[in-house]
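Per Swiss-Prot, the features are:
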- 1-22: signal peptide (SIGNAL)
- 33, 91, 92, 94, 99, 143, 183: L-ornithine binding site (BINDING)
- 33, 92, 94, 99, 143: L-lysine binding site (BINDING)
- 33, 91, 92, 94, 99, 143, 183: L-arginine binding site (BINDING)
- 60-67: disulfide bond (DISULFID)
């Protein structure tokens, strides 16, 4: 009798898992901004590459669904998600109170501190006094744009928003910007450690404000896609527990990108 009950319990458990996966779409369209190396970019062949891409592909594999990546400007990602043009966002998307009013998030993917970069030797610091009269580049729709607009733009700082990060770096190196505010890791790995960024460096400490920058990044999802959120969370927990996350992270970073 006990063996029969155990067998039935196992069958019920397996059936529940199968039903859970069956509720997911066969293909998950994931939106990402491909100008944000090393998280998301394209190689010479036009293939999607980066830490976000690796994470997304691994989670989809464990969820038993097919991932389709969709390139987009950053500020179009949430509108595209809400319009059902994509099913998820994996693009260094910070988990903030404001965004959670519009969409849902998975558990944390990794930390996301923000920091200024400027020419080496520049006295610029992330303070109003230092930035007054200066031109500061930010990514449209980003937490950095929201912070700069509320704290600097109305007080004498020229905050310039761009459709993608590559345009910011281009104007910075051309001298049209005095500084740029963006994700610290993206700035370090995607610009400062590259040939184009050799004459630039971080300007001052990280900019801290939980109201704007939240508690790390997550997968952006529609609020009613509860099964998809649960599946992403389960897959993320598994790959962190079995060491896959750390193995993938070491491909891109020489520090703990997940944070505390």
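Glycine too: its Cβ is placed from the backbone N, Cα and C atoms.
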Recorded L-lysine binding residues, 33, 92, 94, 99, 143 - maximal Cα separation rounded to whole Å: 17
Residue 143 (L-ornithine binding site): secondary structure state under DSSP, collapsed to three categories: helix
Additional residues around L-lysine, ordered along the sequence, whose Cβ is within 8 Å of the centroid of 33, 92, 94, 99, 143: 74, 91, 93, 96, 112, 141, 142, 183, 217
Integer Å distance between the CA atoms belonging to residue 60 (disulfide bond) and residue 94 (L-ornithine binding site): 21
Residue 60 (disulfide bond) versus residue 92 (L-ornithine binding site) - Cα distance in angstrom: 17
C-beta crowding around residue 60 (disulfide bond), within 10 angstroms: 22
Under 8 Å by Cβ from residue 67 (disulfide bond), same chain, sequence gap 6 or more: 27, 28, 30, 56, 57, 60
Protein Cβ atoms within 10 Å of residue 143 (L-ornithine binding site), excluding its own: 28
Long-range Cβ environment of residue 183 (L-ornithine binding site), under 8 Å and at least 6 residues apart: 36, 92, 112, 113, 114, 115, 144
